[in-house]
Amino acid sequence: MAEHKEEEPVAESMMDKISDKFHGGGGSSSSSSSDSDDDKKGSAAGVKAKIYRLFGREQPVHAVLGGGKPADLVLWRNKKISGGVLAGATAIWLLFEVMEYHLLTLVGHCLILSLATLFLWSNVCIFIHKSPPNIPEVKIPEDLTVNIALSLRHEINRGLFTLREIGHGRDLKKFLIVIGGLWVLSVLGSCCNFLTLSYIVFVVLYTVPVLYEKYDDKVDAFGEKAMIELKKYYAIFEEKVLSKIPKGALKNKKH
């Protein structure tokens, strides 16, 4: 009986050691797997953080454009409607630019056609004993008009404030970019008239977003390389030109 009592604790201790080994191994494996998962998540987050987006974009193109129907129109979600808008703009450009049709002439012809149609319709209604055509009244809600006026005023004031800030020359880089953009615009204006320039801008704004959404990875990679090169050239320009501009007088005036 004594021998059996001595063997029981020895067996129990052996079983405890075996279970401890299994549990310890499982804990280490689970901890190692969790560590590997954390490492993978961290590396994935690091890779995601390193992805360059053009203009610092953090949202999809649809959200950047404001979402809703205007974004759907620009991104060609409905190809029939978007194609119709582009075809209408192209028809207007061909009408005025290629066929050399004048706006005043077009308005006059449209009014003549409308009045002739209304005259014939009214006289026919007398003979067939029907009521004449009813011309609807234009009704614009007062709240909508006030909101549009307030929004327009806010945008105009913000534009004037931006021009004033750029004109002060506090941000020399922005000042040079605006001057360069206006110079390019003046060169384009000398090459073509306002209607053609407006049509070109419309086509660019109407086609570039959908192409960028389709090939955003390639465009972002190319944009990253281009920005690196531009920063190099700007650093050289700043070192050789901008750094030689005296700024002591401006600083004394500020103080």
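Using N, Cα and C of the backbone, Cβ positions are placed for all residues, glycine too.
In TrEMBL this protein carries:
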COMPBIAS  1-23  compositional bias 'Basic and acidic residues'
DOMAIN    70-255  domain 'Reticulon'
REGION    1-42  region 'Disordered'
TRANSMEM  81-96  transmembrane segment
TRANSMEM  102-121  transmembrane segment
TRANSMEM  175-208  transmembrane segment
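Counting same-chain residues at least six beyond the ends of the transmembrane segment (102-121), those with a Cβ under 8 angstroms from any Cβ of the stretch are 95-96, 132-133, 135. Per-residue confidence over the domain 'Reticulon' (70-255) averages out at a pLDDT of 85.
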